[in-house]
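Summarising the annotation, TrEMBL assigns transmembrane segment to 6-31, 43-63, 146-170, 190-209, 216-234, 246-267, 300-316, 328-351.
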Amino acid sequence: MDLPHIVALCIFSSYFIAILSLFVLILRTIYSSKLSSKSAFSGKALLFTILTLQSFAHTWFYMFKYMAWSFANYESLHPSSTSQDLLHRVASWLHDTSLFEQAWFAVCAHPLNWWWSEQLCTFTVGAWTVFIAVEGHRHKIKHTWAYMLLGQIVAISVASNLFYIALILSHRAASGKEQTTSQTAASPRLWLSVLLSFATIAISPYTSTQTFLPNLLVMHALLFAPLIGASTIVHPTKSFSVDTKTLYRIIQILAAAIHLRTVFAAARALKQDSISSSTASRLISVAWDVLHSHPAQSSIGWDVVWTSISFIFWMLTSSEYPSALSKLYSVLYLTLATPISSVGVSAPYILRSLRAPDATIQDKRE
């Protein structure tokens, strides 16, 4: 076996080693936080543990199906490779195939595929990035970047549920008074990263075969800029800062505009089919078919579903509502609006209205 094929096998192996390492790092951090805060493993923590396991099992069932499909597809195009032993065949497949690009191209190639994928992208680069930065700062969660990286290489739903567990079991800094989210602000490193990430999402449907992967890599790289180094949550008086409530509102508007464009593109694609049923009913039916049209699409599509469900449960169990009535309204809104507007749009709308019991803003490294 030549060196390039050995390197391909090593890269593939390192992918799973990285996943295992991130799980170990995050679980150790959660456990040490639980010990230091002397928090009990509550029913809330158990709920999100179950959601973590379910989302991981479901999304990675399709991820392994995707890998099997990719391998079979490669061998069908290169029948001469089947005469080699299995290890050489796998090495040849990995050397000649860009699994990352192949998977993402499959889930972005058509407006109906993009209808699913865009929802996860807008949630991740928008509400989820700010949520990790804000709540990680408030609860003094260590290694917030690890949750984002785990979300990129495993599933956002898995990483988000683990982050919810970390918040539940963490020891929040002592607070003498309640603050609203408008009393905390995002530094330029946070809000610029978010805005630039949204720009990459907006141009994704218009990229070519040459620009698709670079644009995708830029989007993924920008996600880590606010989570590495000093906290990006600062006092509102800090120069060029944007208060978090305003940032969530901007995120909601951008996500809504992108999703509306995606829906219109999907509707136009449906109208090209000579089918007499209404566009709305047809979109629901076809969306379900597209969800199971390709294993990579199933993995990311069900990641969207589990991420949405988990966020609704997080809001349902949250104690940071001004009143019981506002909590009821928020949960009803999320349940009804998310399937239509996407979690990328509904999440920032709810998050900007929550109170944030944070006493002081500390500008220090995690």
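Numbering starts at 1 and runs along the chain as it is shown here.
Using N, Cα and C of the backbone, Cβ positions are placed for all residues, glycine too.
Among the stretches 146-170, 190-209, 216-234, the one making the largest number of Cβ pairs under 8 Å with the transmembrane segment (300-316) is 146-170.
The transmembrane segment (146-170) makes no contact with the transmembrane segment (246-267), as judged by fewer than three Cβ pairs under 8 Å among residues 6 or more apart in sequence. Note: the stretches the transmembrane segment (246-267) and the transmembrane segment (190-209) are in contact (3+ CB pairs below 8 A, sequence gap of 6 or more). Among 6-31, 216-234, 328-351, 216-234 has the largest number of CB pairs under 8 A with the transmembrane segment (190-209).
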